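Copied over from TrEMBL:
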- 722-732: compositional bias 'Polar residues' (COMPBIAS)
- 969-979: compositional bias 'Basic and acidic residues' (COMPBIAS)
- 1094-1108: compositional bias 'Basic and acidic residues' (COMPBIAS)
- 713-743: region 'Disordered' (REGION)
- 969-988: region 'Disordered' (REGION)
- 1079-1121: region 'Disordered' (REGION)
- 380-406: repeat 'WD' (REPEAT)
- 416-457: repeat 'WD' (REPEAT)
- 565-599: repeat 'WD' (REPEAT)
- 880-911: repeat 'WD' (REPEAT)
Amino acid sequence: MSAIFNASRDSKTEIEYETISSTSSFLPEDQTERLHNLISKDQLDKLHQAFSERPDSQVGFDDLRSLLLEHDITFNDAVYKRLFLKINQNRDFRVDWNEFVSYLIFGFQEEDPSSQKESLILPISVPPSVRKTEHRSTVCCVALLKAKSDQVPIEEVTETVNFSFGGEDSPEASGMWVTASHEGMLRFWTSHMEPIRTATSESIHLKMPTWILAVQALSDVSIVCTSSTERELRFHETIASTFTLRMVIRSMPHAVYCMSYAFYNNGKVHSKLVLGDYAGNVRIISYSPHLRGPFQAKPGAALIEVVWTDVLKGKIPQMIPKEYINLHNEMITCVHYSLHMNALFATAEYRNTKKYRGRCPGMIMVTYDERSNFRVPLGVSTFFVAESHNIVVTGGPDTFVRIWDVYIPTEPSAILTGHNGGIVTVFVQPEENKVYSVDYQKIIKVWDLQEHTLLQTYGELVRLIHPSETDLTYFYHSHLRELIVAGRKLISIKCCPRVRVDLTDGNTHAAPVSVVLYNHLFRNIVTCGLDSYIIVWDPWSGRRKIIMKNCHTKMIYGEIIDIEITAATFDPLEQFLLTGARDGSLKIWNYNNAVVVRNMSIMPDQEVTSVIWVVDRILAMGWDRQVTEFNDVEGREYGDPKKWSKFHTDDITCADVKLGEGVVTATYSGEVIFWKLETGQPYRRYSVMDPTRFIELKLTAEEEKLMRQSKRLMSRTGHGSGRTSRVTTFTTPALPKPEDTRDYGQNVPISVQAVLFLQKRPQTLHHGSVFISLDTGYIQMYSHHQRGGYMNQFMSVHKTGDCVLTMCTDRKNRYLYTGTAFGYIKVWHIVNYCVPEAEKVHVCMPKLRLEFIFLRKEFWVTRAKRVVRHQREPLLVSSYKAHLKAINSISFINLPKIVFSGSHDYSCRLWTQGGRYLGTLGTVLPWTKLTPFERAGDVNQVYRLPPDIKKVASSTTLKVISGLQMDRPVKRSEAKAPEDREEQTAQTEDGYDLKKIFDKPLKEPILGKHFTLPGKSVMDQRIDVDTTQSYIAVYTHLKVHNTEMLERLPTPAVISRVAAENYLEHYVPVEGKVNLSGSALNIKQPPRRPASLRPKDPRNMRMEKTRGDMGPGPSPSQQSQ
């Protein structure tokens, strides 16, 4: 439709404004309307003066264009029309100076990079994980054997990213946790808080039990250092799952209360162990980590035991000690050494206000023997150094969090107030610009580092930890972004975790996306979610332009609760946004500045399922079972809404409008009613369970009662006309019911999930113009003509239990895009579906195959094709899985041919018409540059798959999204005689010979006669992999069965006799002297001894026993023979 408005009061020229969506596809001009980029300051001053000289300081359509031309700012007709509509927010077609400047301000706000960093969810939104410590007493210290250092050399500093590829969870990247209790028990944990082993740190001389004060992990040399009340430092080696005492430094001047460790990954700089004691002294031990420095294993020196004075004298050459005596007057509470700034930071608490009078150096920074005092009343309990921002965040007993510039110690740059207890720990996420602080009452607060505002207050620790537990230990893992809270429990809290790009591309909303819309005027995408957010996106750059939170709210018992947004649409000129919520409320937004223009409601606590905005009217329908009409005429917009007659007997699920002709509504029970748009009167009613049956239009019992009361009242007052309204009914010739319709029975209702009007189809008896999607998976086609009705239906899904939840079409109604409950997007060619034979056009299949790779031939008929193989119309041209969960809304951009879908998995994804994946709105990955003037997608480009879809995608989805078909060419089988064709059984429908595809099958048995498959074990055999080392020894996890004694076979008789022979029987000793001159030796043979005097050989005895068992054997003479 179009509306005629006067462009200027001084001009008689009339300008026709059509619906933006109807003309946007015909704009080939690649010209921007970003006026703020074209105006200079001098031009802005001249324009302000020109506006002031006009009557009422307002200009019309032509006047504004003339002013811009005077300052050399030109636009063509189409672009200037769009620009004027953007500036004219009051919809009066007159522009004043405030509207003009507001448009310029909004343009600059869109380019503000800070708007991109606003998070959709709270920094701490994941439930914490809790487990037992398995210590006998409370955990007093937590340390981390890191895989890499938190401090990076300045030459290796790179830009931080807010995503990861999943390798951080591995032991090589995340390290091991070490917890310790006072009695000396240490436990090692994986990064996921799974126990590994237990160890004990004890004194080697004293017989009394030890008392651990602090634990520090020296990660680059694989050492764990513990300090105790015995004034000892014990260095334990942790290589290869061991815990061996390698070095002991005894007789420290004072017991060490806190420790810190600084090192670089490259090992080129000396690592530094910083020690703070009870007397206010700080000591630093420096050494080179090359070959593990002083902790290298040497032969003959299993344990090195020294006293601190020997270390100062250089008895251990690898260690370089340095002392800062009386750095503070009180006990050192926290220490840190920055290798980048080459500075030492040490803090102490000064609670004796009468002694120090508030002028105490709470924190001291030492750089090249120069000290800088950061004076804080009551001192500092904890601090965190962010080297990338050159700031220090401190917290102390005065409940304030202070942010300091490291080079300006005189005054903090910001003071964050809001805690009710002393601060016990603080840490910073520089890449997220967030500060986290925890107070004595276990309350965590999150602050914005730049704007110094409170973002979140997290009090879940109060519920998880007993009130009597106050001495808790905190440790922040900067690599995994986890805060560990240790006491009698181990609690892990994820603080703004990174996005795992190996699992997902990111989320668009913090809850399921309910509605996605494309605004042709501003060329942006608007998404609404069940989190009550409205977000405006620039699809061409992937940027988030505007985010509106808490759009629909409700106060329950004094608490403001967000209400889910369930429906949304634009006004005819697409300047304003209308949203409907689950509680029945409706709001009109000027979504460029997040201002609510108008509030409405259909009925309290009745969900709005569909909204329609036509010229001068707003239609809303939902669970109140009727259509509510609101005026959109200036001066009458705040009157009472008009209620259409209640003909529905169940909740309305969906509705759509045909401009200038009619409205269709459908319910959960399968009722479909067509209404006249101008009068609001129904003229046809159908039931999707039996669409060819005539149903008379009757009011519900409640509506009839109200109608009788109103007529009685009118008759009493004499204003009644005496004429009763009569609903004319029409009968439709029954169409044959499709053969594949399922019989669900009369008692099982079939609900309608979505309806769609085809705007280009005429209102005739023979043109199908309305698609109606059922929960059975079928889509029915109706004609909205007065004598029309049901025409045909087709199966729209290929999985049992799936159904179409949302539908849309292109501007010319050539393609139908459907989104299903299982996350599939299907594209249907509907040009020739339900139209007269004379209007059907020829379909060029080769052209469709070039655009839709789904149509190309395959070896096997896939499941999506098998369902529609006997269906001629509509033609399925594409099918792929786009989301893991249901698709709630789908829309199409005509000129660039982009399909975008909003799903229940919190994401809105963009696709080409052929099915290539373009990206997810809100992703942390680089965006593919798009333009609204050119078709999206490149034939030669290889597209990637969404990570979550890649793991579950079928062969069809892989082919469609990637755009690659990896099938090898197969020769078609030659023509054969009819008798040969009967013998050919392995033949596919496409004419491929399976014998040509596969090689000869192997003969049975394939694995031979000497192998049998082992039986499956009933019990699930779980392998616990040892991840404590840098590599996994797989052979240690192999299950080796014990060897069994082999059964010895009986020895043959011949071998037994040979084995029983005695070599002494053939031995002839030599007697006498040897005559060397003779030719022979004088050998005398000894006499043969009787058998009774011969020595008995045990082997002979064993052989005789064997012979007795075997029976009589042959005689010696027989053997010789």
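Glycine residues also receive a Cβ, built from the backbone N, Cα and C atoms like all the rest.
TrEMBL does not curate its annotations; it predicts them automatically.
Beyond the ends of the repeat 'WD' (416-457), by six or more residues, the same chain brings 114, 117, 122-124, 160-162, 381-384, 386, 388-389, 391, 393-403, 465, 470, 472, 474, 476, 478, 481, 483, 493, 495-496 to within a C-beta distance below 8 angstroms of the stretch. Proximity of distant same-chain residues to the repeat 'WD' (380-406), defined by a Cβ-Cβ separation under 8 Å and at least 6 residues beyond the stretch ends, is recorded for 151, 157, 333-334, 336, 338, 340-341, 343, 345, 347-349, 351, 362-363, 365, 374, 412-417, 419-428, 430, 435, 437, 439, 445, 447, 449, 452. Distant neighbours of the repeat 'WD' (880-911): 24-25, 27, 504-518, 525, 527, 529, 537, 539, 805-811, 817-825, 827, 854, 917-922, 930-937, 946, 948-949, 952-954, 956-957, 960-961; these residues of the same chain sit at least 6 beyond its ends, with a Cβ under 8 Å from one of its Cβ atoms. Summarised as a single figure, the pLDDT of the repeat 'WD' (416-457) averages 93.
Residue counts for the repeat 'WD' (380-406) by DSSP state, with H, G and I taken as helix and E and B as strand, are 0 helix, 15 strand, 12 coil. Sorting the repeat 'WD' (565-599) by DSSP state (H, G, I as helix; E, B as strand; all else coil) yields 0 helix, 22 strand, 13 coil.
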